[in-house]
Each structure stands twice: as structure tokens, then as C-alpha cells.
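What Swiss-Prot records for this protein:
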| type | residues | note |
| --- | --- | --- |
| BINDING | Gly10, Ala11, Gly12, Lys13, Gly14, Thr15, Arg123, Thr132, Tyr133, Gly205 | ATP binding site |
| BINDING | Thr31, Arg36, Asn57, Leu58, Val59, Gly85, Phe86, Pro87, Arg88, Gln92, Arg156, Arg167 | AMP binding site |
| REGION | 30-59 | region 'NMP' |
| REGION | 122-159 | region 'LID' |
Amino acid sequence: MRIILLGAPGAGKGTQSNYISKSLAIPQISTGDMLRAAVKAGTPLGLKAKEVMDGGNLVSDDIIMDIIKERLLEHDCKEGCLFDGFPRTIAQAESLDRQGIDIDHVIEIHVDDREIIDRMSGRRVHPASGRTYHIRFNPPQTAGMDDETGEPLVQRADDTEETVKKRLEIYHDQTAPLIEYYSRRAAGAGTGAFAPRYTRIEGTGSVEEIRDRILEALRG
């Protein structure tokens, strides 16, 4: 089974991706990881990607698609895979279609923007150890202080409310249209003979509750 997991930053995709991968015994396919591996290995595609990146440019969808096709030929992808961070745009989704890479199921983890802002902007971290807290969901024993050392906690720059709002804005502009694209495909309104299933999962509740909703949808 080939799966795409969609959702805004902070919706919990990373946590749920790990659960899905382990539960279904399929690998996570990360385009970023594949690019880095290809560059490190010095493959023809890796060298081509390195040349582009060294010039300060974004790697084209064509190169990414070629790397994905190579990855899907590996033995661990025989029973399927979970796409991590891809596609991000309609153009990339259409590239998958043109290359004949059929997707079986698209899962959207839906969380309201306000909830995501609260989740992410409430994070606090102890820089030295990496211990993380949340002012609402997992507060330290003493506000603003690490439980073990008593040292101050900090808010990472990418967790500020302003930054989170900007990331959500980019998501709604660039990635959210994929939700309409795949929901239309699932309803038979798109082009192409193969139509993936599409399921919207509410991303509120415990991690385990969300996991069970996703697995039930995938096995249904």
C-alpha cells in the first residue's frame, strides 16, 4: 500500500508516520533523506542534484521524481511505502500521476489553525538536554524552569506564534490545495484511471486515539 499523509505543520504527521510505518511494515520515503543519500553516494542523480544545490537553486521535480522511482525499486518498498513530505504541490502530485506511481490511500490529519498555534507556540525546551515541555499540555513543575536542573527553558525561534502563523499561511497557499486535488480524485472527478482512497482524520485527542483512527481507515 502506498500512502500519502497530509496535514499542516504541527498536526502530528511525524508521530503518526512512525506508527503507520511500524504497524504496516512499510518504509517512510523522505525526499530530503533520499537527496542527501544520493549526493553522499555520488550516484548520477546525486551528482546532478548536488550541482543544482551548489548553485543555490532548488532541485527540480524531475530530479526528485527520478530519485523516487529508483527508491521504489528497492526491496523494502515491495509491499508499499509512506511518502513523507511529498508531494507538497499540485505539480508534484501530477508528476506522480504522469510517472504511473499509483497512490492507494491519502490520509489528511485535520487540526484547526488555532489549535496548532497553541500546540506549537506553547512548546518550551531545555537547550542543554533537549528536554521538551508544553506550558499547557506538559508543563514543568516550576514555570519556565527545567525539572531536573532548574535552568531556564527557552522557546525556539520556529515555535513563536508569528513564525507558526507564517508556516500555516505557506501551508494553506501551497500544500492545502492537494487536499482538494486528492479528494476530487477519490470522488472520480479527476483524470486518470486509478483513484486513491481519501480519508480525513480529526487530529485532536490523544496520540493513540489519532493513531487508531488512521489505522482503522487504512485497514477499512
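Note: Cβ is positioned from N, Cα and C throughout, glycine not excepted.
Structural mapping of features recorded in Swiss-Prot.
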residue: Gly10; record: ATP binding site; DSSP class: coil
residue: Thr31; record: AMP binding site; DSSP class: helix
residue: Asn57; record: AMP binding site; DSSP class: coil
residue: Phe86; record: AMP binding site; DSSP class: coil
residue: Tyr133; record: ATP binding site; DSSP class: strand
residue: Arg156; record: AMP binding site; DSSP class: coil
| query | Counting other Cβ atoms within 10 Å of each Cβ, which of the binding-site residues Thr31, Asn57 scores lowest? | reply | Asn57
| Taken over the region 'NMP' (30-59), the model's mean pLDDT | 89
| task | Determine the most Cβ-crowded residue among the binding-site residues Arg88, Arg123, Arg156, using a 10 Å radius around each Cβ and all protein chains in the structure. | result | Arg123
| note | Pairwise CA distances across Thr31, Arg36, Asn57, Leu58, Val59, Gly85, Phe86, Pro87, Arg88, Gln92, Arg156, Arg167 (listed as binding AMP) top out, in Å, at 31
| note | Among the binding-site residues listed as Gly12, Gly14, Tyr133, the Cα nearest the Cα of Asn57 (AMP binding site) belongs to Gly14
| request: Specify the nearest of the binding-site residues Gly12, Gly14, Arg123 to Arg156 (AMP binding site), where nearness means the distance between Cα atoms. | output: Arg123
| request: Rounded to the nearest Å, what's the C-alpha distance separating Val59 (AMP binding site) and Gly10 (ATP binding site)? Just drop the number here, would you? | output: 25
| message | Out of Gly10, Gly12, Gly14, which of these binding-site residues shows the lowest number of other CB atoms within 10 Å of its CB? | response | Gly14
| message | Given a separation of at least six residues and a C-beta threshold under 8 Å, show me what packs close to Tyr133 (ATP binding site) in the same chain. | response | Arg123, Arg124, Val125, His126, Pro139, Pro140, Leu153
| message | Given the binding-site residues Gly10, Gly12, Gly14, find the one whose Cα is closest in space to the Cα of Phe86 (AMP binding site). | response | Gly14
